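Beneath this line is the structure, given in structure tokens, with notes to follow.
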Amino acid sequence: MKRRELEKKLRKVRVTPQQDKYYTIGNLQWAIRMINLMGIKCVCDEECSAAEVALIITQFSALDLENSPIRGKEEVAIKNTLKVFWSLLAGYKPESTETALGYWEAFTYREREARADKEGEIKSIYPSLTQNTQNKKQTSNQTNTQSLPAITTQDGTPRFDPDLMKQLKIWSDATERNGVDLHAVNILGVITANLVQEEIKLLLNSTPKWRLDVQLIESKVREKENAHRTWKQHHPEAPKTDEIIGKGLSSAEQATLISVECRETFRQWVLQAAMEVAQAKHATPGPINIHQGPKEPYTDFINRLVAALEGMAAPETTKEYLLQHLSIDHANEDCQSILRPLGPNTPMEKKLEACRVVGSQKSKMQFLVAAMKEMGIQSPIPAVLPHTPEAYASQTSGPEDGRRCYGCGKTGHLKRNCKQQKCYHCGKPGHQARNCRSKNREVLLCPLWAEEPTTEQFSPEQHEFCDPICTPSYIRLDKQPFIKVFIGGRWVKGLVDTGADEVVLKNIHWDRIKGYPGTPIKQIGVNGVNVAKRKTHVEWRFKDKTGIIDVLFSDTPVNLFGRSLLRSIVTCFTLLVHTEKIEPLPVKVRGPGPKVPQWPLTKEKYQALKEIVKDLLAEGKISEAAWDNPYNTPVFVIKKKGTGRWRMLMDFRELNKITVKGQEFSTGLPYPPGIKECEHLTAIDIKDAYFTIPLHEDFRPFTAFSVVPVNREGPIERFQWNVLPQGWVCSPAIYQTTTQKIIENIKKSHPDVMLYQYMDDLLIGSNRDDHKQIVQEIRDKLGSYGFKTPDEKVQEERVKWIGFELTPKKWRFQPRQLKIKNPLTVNELQQLVGNCVWVQPEVKIPLYPLTDLLRDKTNLQEKIQLTPEAIKCVEEFNLKLKDPEWKDRIREGAELVIKIQMVPRGIVFDLLQDGNPIWGGVKGLNYDHSNKIKKILRTMNELNRTVVIMTGREASFLLPGSSEDWEAALQKEESLTQIFPVKFYRHSCRWTSICGPVRENLTTYYTDGGKKGKTAAAVYWCEGRTKSKVFPGTNQQAELKAICMALLDGPPKMNIITDSRYAYEGMREEPETWAREGIWLEIAKILPFKQYVGVGWVPAHKGIGGNTEADEGVKKALEQMAPCSPPEAILLKPGEKQNLETGIYMQGLRPQSFLPRADLPVAITGTMVDSELQLQLLNIGTEHIRIQKDEVFMTCFLENIPSATEDHERWHTSPDILVRQFHLPKRIAKEIVARCQECKRTTTSPVRGTNPRGRFLWQMDNTHWNKTIIWVAVETNSGLVEAQVIPEETALQVALCILQLIQRYTVLHLHSDNGPCFTAHRIENLCKYLGITKTTGIPYNPQSQGVVERAHRDLKDRLAAYQGDCETVEAALSLALVSLNKKRGGIGGHTPYEIYLESEHTKYQDQLEQQFSKQKIEKWCYVRNRRKEWKGPYKVLWDGDGAAVIEEEGKTALYPHRHMRFIPPPDSDIQDGSS
């Protein structure tokens, strides 16, 4: 029916025959809205039929409206309106409501007659069913059984199943009293074991009294049916949904055509739904939700109430209070009329006595029979049901339809059994009284069991009693300010009206609001004078506030909340959106502020800076600085790329130095594969994020800057920042701290929404249909704090976020192209490498062609020429970045595998999901010379950590090679921290090197290297042949150079034995696979051409053959560098000069140190160039001079030192004589004299006080600073200082300090002055007991305490520096000790603490060597030669790891342990046992 036609017909129907009021479309809409409120779907549209409206009327009539807010007149009005609507749709033309009701009664009568006729036909077909129907009105089972077990057969005729009849009887008995409860579900599982789908449906519909339970079961089964249909689309092999539910088939067809699996699936669906309904019904209610039923005996109600109160965790006084009041307030109307005159303080016995006759007729009769039995009177009343109309109606009433809770709107329970209870302490949902933390007990003024509607239950478009309550801390005026207040026992929605004095409600609320009627008052308004009714002492509650007010009732179109209520609940009114305030965070500084002068700017930049400052000043981001602000930071402007607009920057380097820095909250970018899949995705960019957060008032003066005009046209303008400035070190930390709190609040309000934050970029994802509303809500929340999120910064579905391109299901890198510029500066190359590193998970190409160009480059503006390999590397990057591949996100439960591939200059890895890569990268190999296994394990640990960060779970690994090679390589690894689960794939990956253990029958090369000054010598020895090379370098480079020389000269299979652990470990771990630099790179290039290289190690200087010869060769090479000879023949004409590169490297060497041969008329001058001695030869003679190749033409003074030493030991000459006679430097001559012991004894100079020094020799003394006594001790070798504040200068305090010193450090010798506290017997005895040498200096000679005296001065300087930052002397002393012992002060070198640790390490090594020498015993052995003959016994010179060196026939030989058998040393004193 069309809307206009329906409206015309409604206006012709009178509400009552006596009045001229007619129905309108608004009355119908009101009735439909109330029907929807009760959970019944009712839609008034053009396609609505009379049958649908009749079904709605039947459902509404079956509802339990006992405690609902719509009962009485409103219930009758709703039914009458719906019946009028039905009569119009049915084709009738009612004149009034009574006429429509008559049409409805006639219709229902015809329906009952038709149903009775149909039942009669079925009974005539099955006479056996009539046997149990004669007492239908006496038993409720037969009353509730409306659906008979008539099953349609395959040919269409009904059949009777006697077993089904028994099952129906069992089900009817099980659901008679409590409906579908847990007991009934158990019975249902038994009786439906062999039933088909149609029979199960018939069984459920046979209990019309509990039709709501059946409807709930059917709705849950339909949900499972819909879910199965969706699942069936992706699983075609599964049974059809129609086969499971038996749709379109008779019972016989279901029993024959449908499989047992389908029937069992439907049966399980029904049982699961019934169990959910039963569990939802039988939740234990709290005392607040217990109400007495209309026919329930008062005794039963009190028993339930007491049982609930006993289960509460509350004080006894609270339980007594609730029992007194709830026993009256929650009683039914009959009991309340009796109990209210008695009052709440009446004893419970009197209440029970007064209400004993209240209840159903059955309970009254039972009470009367029990009373008569106690009196001994035989009851003349038969034990049958009373025949009163009320009792008969209560026992034989028709089937009850489903029940619905008007509190939460859900079916299956009533309001008194609702699970959504509230705490009776504070009135808030979500917890019980036992867990309540609120101290507000005044809310008991209002009925706390009144439910407060929530946004999840109702929507704003529903009735006024169902709108969500508005609970802000303020009231916004951008829309009508409606709020809800609990007044007089009901939630009332009203309009905030600051012009009204009182609360004015509609007249409809007069009967609903609890209060005392008062005197009516006159209201004067726009429409004139109006008389309003009044109620006083009306209790109200809003949030946590309560009170008592007067309420007026008049003919007002909307409820109004006036100032009598608003003054207690409203804090402020505002129309602005930005209402939240951001509290600035305090910032600490150390030292004075920056005072850097402003440098001059060009006129163009000055004008641009003026415009920017003007805009910032107008926006309030900066303000004028005070006249007495002495701080200043330079400011400048640059042009933005692309737009050409000017941008202001500040040089905050000085301010950043004095600012106490905070910790940034962001630990890095989120990994895009770890972002969860969702249906909707949105990215938001916050504009001017830093400029939104205020800067602390106390810190703003430190950010001052100046705008200096051109040519000093006028005074400078001074400004300071009011918000976070760009470039300041603490701006990111303060921004992250502030926004974190806002984001956390958003996440709490939307826990199912995915929200990522990285600086000012937000990523929002969800699976909700109202995703856009959530995004808008988040934007509004950010906007309330002042953060701007412009529309042009919002991206949806396919977003570009922090360098990635994301869709709800996929991700990839944003397409880009790297510019190839040749040549380019170091700075530009660094930026290019950084861009390549960013996209390496996509490209997975090693960057060594680019990074090798950056070695030893310190000048950022230096030009670099790209190599062809570098250009090719960048081109490969551009090829893959032109259109990056889309990748999947990580799914929950999916197996993650990391595949590792070895490349010459790195390790390539891929994170696989279902065999597809979703992340990857390259781990470059550094130059730490570590072995491959360590590097791979370290890489696996890093990758596992990355996957844990990305997904929260660990991954397995897929490695190249075989498990046998991997396990064999792991056995050589000594320090394994963690072994991950690994799998292997076939790949030519070699875990072991060409280098291995020493093998016999191979040529063996002994290598050694040494260093003297800056000159290094490398030597190898093999079977009497020696080769050496001198070059500038280190000890390690010399050792490696010797190995490189041996590899170049050696055969394809050879052995190399070295005494360097560094070289041995590096060679053993396959150096050819590592991209090392220098000599390692040379070795790596040579090794692939070798078949096998055996590497061994022997200790140095142990007299081992081969190693001794190599060591002597090193010494000889270093000594031979002193005589100077030309590399090529030289011919000098008279007066000719010629330059000569000697190839001699020695630190401190000078040309004057060399002496030419006496027979050569050559003048020699020169200098040191890059530590190399370069000479200039001048022929001062008259003839040609020819110097042959390798001919020594001058010698160094070093060769004269032994002769000078020997001469001095014989004649004890003075240093001056040694200088003139042997041409030595005076410093060396004095050293020769100083080392002579005879000259020391015969000296006649007076002995002054000495200043003893040495390892673990401590000097101690006391000093005073600011009236404080400080005990100081200094370790003379390292300068390590230990100090402690002591209360007085006594021997006891010094002894305690010495004990603490010994506890921390090694003390072998203590030296002090002759003070009484240091020479006391207590100190002497303590040192003697501890085994410490105790000495004292010469009296009154401060030189004997020079070290500790200098420490006094340094310590006091540091104490004065730290005094202002510390509250106590002890704290300043701790800082001073850390500064003296562990800080280098910018001068480099070792700290005193590091020098002391080296001394400790040396002491430990000496102890180990002494212990080893004591435990060393003489070893002898037998050896097996190539002919497998045993020879011996031979003495073992050295026993190593896997091999030993023996003395064989006067020569040394190396044998592996497998060819040796050790025996006890032979002893000539042991006699033969046979004698």
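Backbone N, Cα and C define each Cβ position, glycine as well.
These figures come from a predicted structure and were not determined experimentally.
Now, the feature entries from Swiss-Prot:
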- D497: active site (ACT_SITE)
- H1208, H1212, C1236, C1239: Zn(2+) binding site (BINDING)
- 130-147: compositional bias 'Low complexity' (COMPBIAS)
- 492-565: domain 'Peptidase A2' (DOMAIN)
- 619-806: domain 'Reverse transcriptase' (DOMAIN)
- 1248-1400: domain 'Integrase catalytic' (DOMAIN)
- 130-159: region 'Disordered' (REGION)
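Feature map: annotations from Swiss-Prot on the structure.
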{"residue": "D497", "record": "active site", "Cβ neighbours (10 Å)": "19"}
{"residue": "H1208", "record": "Zn(2+) binding site", "Cβ neighbours (10 Å)": "22"}
{"residue": "H1212", "record": "Zn(2+) binding site", "Cβ neighbours (10 Å)": "12"}
{"residue": "C1236", "record": "Zn(2+) binding site", "Cβ neighbours (10 Å)": "14"}
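Each residue in the domain 'Integrase catalytic' (1248-1400) has a pLDDT score, and their mean in this model is 85. Cα of H1212 (Zn(2+) binding site) to Cα of the residue listed as 'active site': a span of 118 Å.
Helix, strand and coil counts under DSSP for the domain 'Peptidase A2' (492-565) come to 6 helix, 43 strand, 25 coil.
The residue listed as 'active site' is 111 Å away from C1236 (Zn(2+) binding site) when you measure Cα to Cα. A distance of 117 Å separates the Cα atom of H1208 (Zn(2+) binding site) from that of the residue listed as 'active site'. Annotation note: H1212 (Zn(2+) binding site) sits in a coil segment as assigned by DSSP.
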